[in-house]
Amino acid sequence: MKRMLINATQQEELRVALVDGQRLYDLDIESPGHEQKKANIYKGKITRIEPSLEAAFVDYGAERHGFLPLKEIAREYFPANYSAHGRPNIKDVLREGQEVIVQIDKEERGNKGAALTTFISLAGSYLVLMPNNPRAGGISRRIEGDDRTELKEALASLELPEGMGLIVRTAGVGKSAEALQWDLSFRLKHWEAIKKAAESRPAPFLIHQESNVIVRAFRDYLRQDIGEILIDNPKVLELARQHIAALGRPDFSSKIKLYTGEIPLFSHYQIESQIESAFQREVRLPSGGSIVIDSTEALTAIDINSARATRGGDIEETAFNTNLEAADEIARQLRLRDLGGLIVIDFIDMTPVRHQRAVENRLREAVRQDRARIQISHISRFGLLEMSRQRLSPSLGESSHHVCPRCSGTGTVRDNESLSLSILRLIEEEALKENTQEVHAIVPVPIASYLLNEKRSAVNAIETRQDGVRCVIVPNDQMETPHYHVLRVRKGEETPTLSYMLPKLHEEAMALPSEEEFAERKRPEQPALATFAMPDVPPAPTPAEPAAPVVAPAPKAAPATPAAPAQPGLLSRFFGALKALFSGGEETKPTEQPAPKAEAKPERQQDRRKPRQNNRRDRNERRDTRSERTEGSDNREENRRNRRQAQQQTAETRESRQQAEVTEKARTADEQQAPRRERSRRRNDDKRQAQQEAKALNVEEQSVQETEQEERVRPVQPRRKQRQLNQKVRYEQSVAEEAVVAPVVEETVAAEPIVQEAPAPRTELVKVPLPVVAQTAPEQQEENNADNRDNGGMPRRSRRSPRHLRVSGQRRRRYRDERYPTQSPMPLTVACASPELASGKVWIRYPIVRPQDVQVEEQREQEEVHVQPMVTEVPVAAAIEPVVSAPVVEEVAGVVEAPVQVAEPQPEVVETTHPEVIAAAVTEQPQVITESDVAVAQEVAEQAEPVVEPQEETADIEEVVETAEVVVAEPEVVAQPAAPVVAEVAAEVETVAAVEPEVTVEHNHATAPMTRAPAPEYVPEAPRHSDWQRPTFAFEGKGAAGGHTATHHASAAPARPQPVE
């Protein structure tokens, strides 16, 4: 009769044995420190994806991450819009940080982590549920005949949810459809609880732990052929009755009995010796032969020896009978030891093929009762049989053994003499190294005795050959023969320590493996779900949901606290100045700053988990630092603007209406248009503020505070590139407008004068042009030049081209960079001093540079030359009204900074600035400036002078004077009223014309004649003629080559060797 014996007398080890009479055929041992992890369900997080392995590594709570192959990933973890074309790519399926529910398919072995799967399987008494694998399912392969047909009909009547698979176990044979449906409903309830628990906590943690050894034994081994279940512990007996009832096997409750005999349970049935055989390498056979089982990293090798076997009439019969016995014992040992993987059996050689087939059939019949899947091949011509067995759990040796600290698992150690000679060679090798003072050898006692006695002369020879090197050999009784340490001590590192104290000194370097780490037992992790106490109501999740209502009102409360009404007086004056100046023009939107920021912050916090927002946040952070870096320059610019703003009294009545409109627009504006709206607002704000009149000095401090408040509440939006906020307004004006310039009026200000350091003093000579568009300010040119310099001298691109159109553009850009270099290969200073350049033998080729860039560089040089220590800012009262007039075809005076002689005792350098830069472009045709042209310019100025009408009586507009080309540089220049300046400049131009007969001015172009460097007159050297003549070649010979033309021949007849007598 078959029995199940459960030994629980020792709490450190629980053993379950299945016996048939007194023959042990299955064994399961579990220790508290070696619980089985296979079939445990975890919630893990993907930490790394390896496309080369087509797998992902998952952190599920263990020290070593699990291995999740691509084929073990369920379809439910694929992206919603994923469409597989051929072989799927794991990077398209999974992403790092994704949380998955995994089950351990193979436990950790050696250096390999656990193999995981997302196809969960929940094993019950009669059924195995595959909740996310619809392709899996069927009936156990052991069930055959009519039982299989009945189970198919029962399966058809079960209510299985869509997308799930079901397997009927062997224990389900003969069960009714109601019993199968009850087990199925239990598994479905279990799966729902697993999903609920997975949603309650973040990964990684253990959701479901596989049952202990008793429950597994009841679930896997309880069959109708089990006659009784004997347990030697009353507490375990009560626990077993509960498990039987929970598993739905009430028919076995009567078979559970308590063993109360004096003899231990396993000894009573004489299976202790059989259990011990499962831990031994060699197992004896009844006939006298033996089998030897060796487990390696790759496979398990089993060798069969006849040994003392004498059964049989001849050697062939003896080999055949021994192999038959070995086949039965091998099948039994595989179950007892739970060996899995590849197994190779070396049977005793058998000549007849029928004997080989008989042994194969005996082995197949012996493993039929094994739960694991087994595949067996035929015996090869070398007498080897290959088979594979499913690894259900760690083998008996892996769960109860550890690697030997002495032999490191090899089973052998090196001989003392061989090890001593190896240490001696290593000592000499260390002594040969440079800067070696001592060599310390810490060795076991037998090795030290051999080196200090038998090999004393060899040690002395090493010290003699290596002058100054001292060999110290120290015996250590804590060491065993395979281990030793040879340490090299450099000069200056030696310590005055006694030799027998060296092992303690080098204790860290030796670091012998301790056995304490094997004795450590980790505290088992508690699962989130109880195994058998399955509640009808899923477990309540962790208190994460109540936090949602607290977070939700946060974005709604943000817009309710506008930042604009904080200082109504400042904003009213600011809006009043803008409204009064433009009189109902385009409305400004400075109060949009606080509203978008109040809404953007909660929005960005909500999008923290979106991976596509990471780059945008990075750009915002970079922009924050850039704005802080340029805060000082922005404040200075704002101060200059605010001084030019006029205080208006009529704006206070419009404050409430504008505030309501701006707030409404800010709330209803789309978030996608926030960056564009911010950029347009800044450009409009800069243009308008550039035209504002100067504010009174009593409100200057308040304006500075308002500017700082505006900078603080300005929303941070991603921009392509930070732009300089000094853009000027461009207008088209007629000849009369540009020619009219009011006289310069110096105003005395009661307050302390403000000294500006940035711009240098500039003077402008007004020209009479055709109707043209005004030139931009030097600041704008510098900005454009800076942008061009950033882009390698080329215009900045507004956007990035599509990826599929980018290759040819890159090729053109590379060709352009190579064809037109931005730097000269030879420095200009060296070229000017070179006589070869002056004589025309060497030419430097430069890239095409716009004339505007050349003029800007010349202006910079002029500004550097004319910098003076004292600079006084004098506002110029001049108002210009647009006048539309017909084109006037007159010559245009070039903008020239010339010395102006003033008969005053103390000349001063006066800087005049104007927000509108009026610099007329010259005509395209180069023309010569004459006196008549200057007179015409004066007449036009006089005729256009009465047209001037000031827009506002209190408006003080400063004139920005632009410099162009330096003719004569003087240390001091004073700006005078417009009309006299024109006349004096004309005279100056006459004097210049006396030196240079013709001065041509081209459109946006500046030239200068080439100045020859002082060098002696170049006289080319006459070519040299040589008198050498090629000698005539006289050929002597027959005019042919080869053996047939030879004149001398030598030959030798073949000689026969002399015979040896």
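Placed from the backbone N, Cα and C atoms, the Cβ positions cover glycine too.
Your range for region 'Disordered', going by Swiss-Prot and the list 287-317, 411-441, 473-503, 1031-1061, is 1031-1061. Of the given residue ranges 192-225, 226-259, 532-565, Swiss-Prot assigns the label region 'Disordered' to 532-565. Swiss-Prot lists region 'Required for zinc-mediated homotetramerization and catalytic activity' at one of the ranges 116-119, 340-343, 404-407, 576-579, namely 404-407. Helix, strand and coil content of the region 'Required for zinc-mediated homotetramerization and catalytic activity' (404-407), in residues and according to DSSP, is 0 helix, 0 strand, 4 coil.
Taking the C-alpha positions, the distance from Asp346 (Mg(2+) binding site) to Cys404 (Zn(2+) binding site) comes to 27 Å. Confidence over the region 'Interaction with RNA' (57-112), given as mean pLDDT on the 0 to 100 scale, stands at 87. A separation of roughly 23 Å, to the nearest angstrom, links the Cα atoms of Cys404 (Zn(2+) binding site) and Asp303 (Mg(2+) binding site). Taking CA atoms as the reference points, Cys407 (Zn(2+) binding site) and Asp303 (Mg(2+) binding site) are 23 Å apart.
Sequence-distant neighbours of Asp303 (Mg(2+) binding site): residues of the same chain at least 6 apart with a C-beta under 8 Å from its C-beta are Ile291, Val292, Asp294, Asp346. According to its DSSP assignment, Asp303 (Mg(2+) binding site) is in a strand.
Around Asp346 (Mg(2+) binding site), a 10 Å sphere centred on its CB holds 16 further CB atoms from the protein chains shown. Within the region 'Interaction with RNA' (57-112), the DSSP-based counts of helix, strand and coil residues read 10 helix, 17 strand, 29 coil.
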